[in-house]
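Taken verbatim from TrEMBL:
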| type | residues | note |
| --- | --- | --- |
| DOMAIN | 18-132 | domain 'Acyl-coenzyme A oxidase N-terminal' |
| BINDING | 138, 177 | FAD binding site |
| DOMAIN | 278-439 | domain 'Acyl-CoA oxidase C-alpha1' |
| ACT_SITE | 424 | active site, proton acceptor |
| DOMAIN | 479-656 | domain 'Acyl-CoA oxidase C-terminal' |
């Protein structure tokens, strides 16, 4: 325990062993030890200092990011660090930069889409950072609609080259991270044209800059797209634009694992199934879901600690005021977010298993589970990132006025996180993909083909469409089977309702277009069921540690019952539960808040975040908030002088002016 720990009295209330929960949160003792070691390595290194980001100019911030990224790479090689440790180190560095895209997008794209020869050539350079890459897919005019990309790659058989060209302004590559100022190479997605025929979008490895002086190569126009939302935040990343003016690359720089172009210009698909590419997509989206739990946990940690420090009202006869965390209104807003952080963590763990399972099946040419895996990862990416973005903002409001200060850590966290709702698939578009999958499953219910995996519950359609919840008292809402049945019945009934409404249209696509809003809601209901079911699986599994399982049960039911409260219209309109049962759920929820209250600080301590990583005066481990707020205020450049610059030029003449009459 730290000296002058203002939250010590809160930590002493805990009804479980915090170190045991830290291991549960991390996933294993080994993962906890790696995370703990890397977070403290970063926190103790002055190069990774980040408290001054808000007052940096864009150029200073960008150069600072380059310094930190190169220093991290140096540590990775000198210590040396394993792949797992390297990933953790870059994560705790907590500053978006070019390495994120190099390792998470550029290298995996070559691994997944390149031939053995291409991987040997390009990965040997990329793995040593002798070239720096990015992933250039999104264009000014097209993001979600990848098939609508306009950049062309036309094969010229005379020179044995592809001619990369941006035929319109909207065909400019726009947004790729690392592209603006750093990347020497990119995997560029363009329309492949041979002998006048368009073969659709394919990937190409393209060198962008001279490796000696970093200048753009002739035929390439490239730069940064400008300042983005927030102070500091994602402005450390050089999101860029790119235009080609008939820029030529060798034929062998087309990524040719799935298809190739011969010397004569013949387009030849390979016998490698295109479905193999979905493995990478599952991996990327699984990472995004895991990152959602981390971002939510950071915000909740700050808001929970500050809610325990902050006192307001409730003083009796001049006595001490009430801790804000003891108000039921605060608990009703805060504790479901705490539960969400754990829920997203556990569904992220399950997605890791799903990725491993899908990968093994793909390698064995078994594509049976691929549609479900795609729908799961698309829907969960959408649901968790939307909930986390909203959750971070709610945590800011839970911290009152001080939450609006940059030094609270919450404004920058929100600004850094919120683009996750858009990148790797717009969240609404992704839920519509889930909805299409669900409509297909519903259409097959009478065919004898049993739904599997996360849609297995639809195989009990007859029961779920007719059943009535057997909840009789508040404690029944702690029965996992009853909770699960409520979520299953709601999800199925919403999906079947959409399918029935679709069947009324002669043109299915027109019907789909008309019912978009309902379809999105049905998809969200399905995804929430997945998260609830995986949380229930977790608490039903083997969990070590004194009191840990009880706390996880409380969190699980808080998550589930708050969803019922939030989406009560769905549950009532589908006749899944009655209004009386809804009242019982609210009653049980209040009881769960009271049970969680003494453990709240210990539950956020279990995230094991250093003060450096949290980057928040309000969320300090020791709770010493108010003196530190003053320290941060005095550091502001405006306080370098008592009399501000501009006083003599503007303020003094204003207050010394002589007017015939003064008017307000």
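Every residue, even glycine, has its Cβ placed from backbone N, Cα and C.
Annotated features, which come from TrEMBL, shown on the structure.
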residue: 138; record: FAD binding site; Cβ neighbours (10 Å): 20
residue: 177; record: FAD binding site; Cβ neighbours (10 Å): 25
residue: 424; record: active site, proton acceptor; Cβ neighbours (10 Å): 20
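Geometry remark: residue 177 (FAD binding site) versus the residue listed as 'active site, proton acceptor', CA distance 12 Å. On a Cα basis, residue 424 (active site, proton acceptor) lies 10 Å away from residue 138 (FAD binding site).
Secondary structure by DSSP for the domain 'Acyl-coenzyme A oxidase N-terminal' (18-132): 89 helix, 0 strand, 26 coil.
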